[in-house]
Amino acid sequence: MLSVFCSGEVVCEPPNNKLDRFSGTLYWKESKFPLSNQNMLLRGCVLRNTEWCFGLVVFAGPDTKLMQNSGRTKFKRTSIDRLMNTLVLWIFGFLVCMGVILAIGNAIWEHEVGMRFQAYLPWDEAVDSAFFSGFLSFWSYIIILNTVVPISLYVSVEVIRLGHSYFINWDKKMFCMKKRTPAEARTTTLNEELGQVEYVFSDKTGTLTQNIMVFNKCSISGRSYGDVLDVLGHKAELGQKPEPVDFSFNPLADNKFLFWDPTLLEAVKMGDPHTHEFFRLLSLCHTVMSEEKNEGELYYKAQSPDEGALVTAARNFGFVFRSRTPKTITVHEMGTAVTYQLLAILDFNNIRKRMSVIVRNPEGRIRLYCKGADTILLDRLHPCTQELLSTTTDHLNEYAGEGLRTLVLAYKDLDEEYYGEWAQRRLRASLARDSREDRLASVYEEVESNMVLLGATAIEDKLQQGVPETIALLTLANIKIWVLTGDKQETAVNIGYSCKMLTDDMTEVFVVTGHTVLEVREELRKAREKMLDSPHAVGNGFTCSEKRSAKLTSVLEAVAGEYALVINGHSLAHALEADMELEFLETACACKAVICCRVTPLQKAQVVELVKKHKKAVTLAIGDGANDVSMIKTAHIGVGISGQEGIQAVLASDYSFSQFKFLQRLLLVHGRWSYLRMCKFLCYFFYKNFAFTMVHFWFGFFCGFSAQTVYDQYFITLYNIVYTSLPVLAMGVFDQDVPEQRSMEYPKLYEPGQLNLLFNKREFFICIAQGIYTSVLMFFIPYGVFAEATRDDGTQLADYQSFAVTVATSLVIVVSVQIGLDTGYWTAINHFFIWGSLAIYFAILFAMHSNGLFDMFPNQFRFVGNAQNTLAQPTVWLTITLTTVVCIMPVVAFRFLKLSLKPDLSDTVRYTQLVRKKQKAQHRCLRRVGRTSSRRSGYAFSHQEGFGELIMSGKNMRLSSLALASFTTRSSSSWIESLRRKKSDSAGSPSGGADKPLKG
């Protein structure tokens, strides 16, 4: 059969990433057939409701439209990973420097001193000079001091990350009971970066909303239906819901459909012609496919949930769409089957924002039915409908204020002669080689004019539970949320208001809809000028003129008002061009909320890449469909929601769960804790390694640079594996500064991660300095004591093995006390590992100096009883105690002063928590001793002045973090802001020079 097509030829556009557009022509048997997007089947799609079809592959492999929209898969690494790699290189360079210093010392010592002892300490046969001795000493010290390079660090980091991933998987508060879906960490390498997110890019449908459309209200011939009424016919109060409308008269009704206004059904049953025409339009003007597996069991497969909701509403009110063929549509109208001839479908697209069908009824009358956005359709109505138009517009404004998705319905009668001429013009336009879409649009525009208004529909796409609260909480944590959606502007803006991204209190909402580069640039420029010229832009005591002359690094620092930006897909395409992307980014970052409408999957990824490139901030993308995959892969962190659109987003993501509200817990609890734990782990790990290794360096100056070690070989082997590995792992896995409830209650606690305060190059050098300081005291205090100390029997205490035992014991005790100070949350595991490691150290120490091991391995364990004899001396324990106190006291003093003079926000939260616990304990004590005999209420006597005025003002309707901000000391709130300003100063403006005025 396919051989008959061998003489055919397809001429089409080259491969591109435009999913909503295709233009081509099929030449076959001396005839031309237009090919449009309706003839295209995208890669991965499934063709339904047909047994067979003829197909032709137009694009394959990387040329397919979906592959053109997919971004490259990138290996994701955290900022801490990249910093660790740099620090390890620095440490290796430091190791080489220490080796060179000690090698030079060895060469000088051998030349100046060692030459005198050749009779007693001759060189090896291969060593013929002091220089060569120094060269060999260099490599010996590289081997001895190699423990300063944290080889085991990477293994420990992966173990900690694995533990954090399991905590996410096991979190019952992120488990969706309805879908039986737990949260899942699909990677173990990005956990700590969850605590550093600054930008969240979110899809709308299915991510912020449930993607379940419900026919909620409608307006027919100037009358609004859908309000919930009580038994007296008045609008019901909030929370009251009577019985839903009974559709039992209709055997084909969908039992899941609920409607609360019975007057609409009464109008249908009474045969109101406007109501019948309204639902007739809904049952005909669509592209829904119907499937009837059993008699009376209809299943609708709609291109969008909106169409499915409208057709289902018509079905329940007696106009049941039953079946369709390429040329007919069969509808059961109030129980009677009626077949309409389908003459043309004028399909929806981003520019038209409307859809029409032209049908011929059984009586032969031709009618055009149209539904579309009110901004488009209301301008195409016949002038005779002005009075009805005014009433319907009021209803539309009412519905939009409730966050509903609205459509306007209209119709137009066509005579046979006019339709025949119009059909010929449409055919010629569809076969045009050039400007086919423009010509078709012109033909469509002609017929879709002077229509008669029928009414309007209002569909509710319900927000997911907890979305407004989640967005409010993330905003308080200084996380910017951008919505990137393929939906039209009106719908996206409505949802923006519903989820409280957009509010009526905002200074202004900028809408960018330019179709050319110049128009978009001008609209962005005007938006920036309005932000700077607005009186709200005056803040921090500066006037506008002073602000314009100041050195601003971005518009964000100059603007104090609340602004929002809404931009369409065609405008965004121009805004993302190389010569304008920085203007768009600077304008968008100055706004509190950004909504990008009608964007393609590739544009979503481009917006994310733009912020990653110029803002140097951690980005997170969250979506639920295949069109979100590119965005999810491009962002630093990708989150997939397992919703109504399959699992492609989940499969491409790094983390997944079933509801958007779980994002706040993922970031503010798991992300913040992971970042905190990882930073504390790294600081302690570098500290303990330097404290351990640098002792060898100091000892080199007192042993003739002979590459002799301070500790015995077994202690060197077991230090990182046994004595100090488990305590730091326990801290890295279990530690927390405040409980999870406080992390959610005070979102400002999230900001240190965004500013990268807990582990950076400065913190690294502080840890290194503390480690070197500890090593100096660890070596020189025992060295000074042992120089003059004697045993109880008067013999000299200073021998190599006793010195080694004393230094090793001091080291283990000091690092154990230090990790105890660093641990903020004690569990049984922490206690067991810390004190257990100390116990294991002493057990192994005494075992290695015991008679038993000497009898079994006399050549390995020669120093029998050394540990017992050394630790039996009071002088040794006084030395260990002195070393521990001198090493730890500066740390304790510094933290005490910092807590008193400049506490962190987490310190303040912990303090308030302790105060609350004490108050509760005191309150319980008072209740125990209080009188219980009187039953009279004490409210009138004990209650202070009420908070009624405060509640009515709304000032208390903020999250607790705002109250906490006023509670904290002025210094604890200002230091984060100053660091944020420093960070923005160092990053510079996205557009380049900081001195450049924004208006130019």
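Positions of Cβ are set from backbone N, Cα and C atoms, glycine also.
All annotation found in TrEMBL is predicted automatically rather than curated by experts.
Per TrEMBL, the features are:
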ACT_SITE  ASP203  active site, 4-aspartylphosphate intermediate
BINDING   ASP203, LYS204, THR205, GLU307, PHE348, LYS371, ARG405, THR485, GLY486, ASP487, ARG598, LYS604, ASN627, ASP628  ATP binding site
COMPBIAS  986-1000  compositional bias 'Low complexity'
REGION    972-1000  region 'Disordered'
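Taking the Cα atom of each, GLY486 (ATP binding site) and ASP203 (active site, 4-aspartylphosphate intermediate) are about 8 angstrom apart. When the record's ATP-binding residues ASP203, LYS204, THR205, GLU307, PHE348, LYS371, ARG405, THR485, GLY486, ASP487, ARG598, LYS604, ASN627, ASP628 are compared pairwise by CA position, the greatest distance found is 28 Å.
Listed in sequence order, MET213, ASP306, ALA458, ILE459, GLU460, ASP461, GLU490, THR491, ASN494 are the same-chain residues at least 6 apart in sequence whose CB falls under 8 Å from the CB of ARG405 (ATP binding site). When the CA atoms are compared, the binding-site residues lying within 10 A of the residue listed as 'active site, 4-aspartylphosphate intermediate' are ASN627, out of the candidates PHE348, ARG598, ASN627.
Note on PHE348 (ATP binding site): other Cβ atoms within 10 Å of its Cβ, all shown chains, come to 20. Taking Cβ-Cβ distances under 8 Å and a sequence separation of 6 or more, the neighbours of ASN627 (ATP binding site) in its chain are ASN69, ASP203, GLY486, THR600, PRO601, LYS604. All protein chains shown were included, and the count of other CB atoms within 10 Å of the CB of THR205 (ATP binding site) stands at 26.
Look at the Cβ of each of the recorded positions ASP203, ARG598 and count the other Cβ atoms within 10 Å; the largest number goes with ASP203. Its own atom aside, the Cβ of GLY486 (ATP binding site) has 23 Cβ atoms within 10 angstroms in the protein chains shown.
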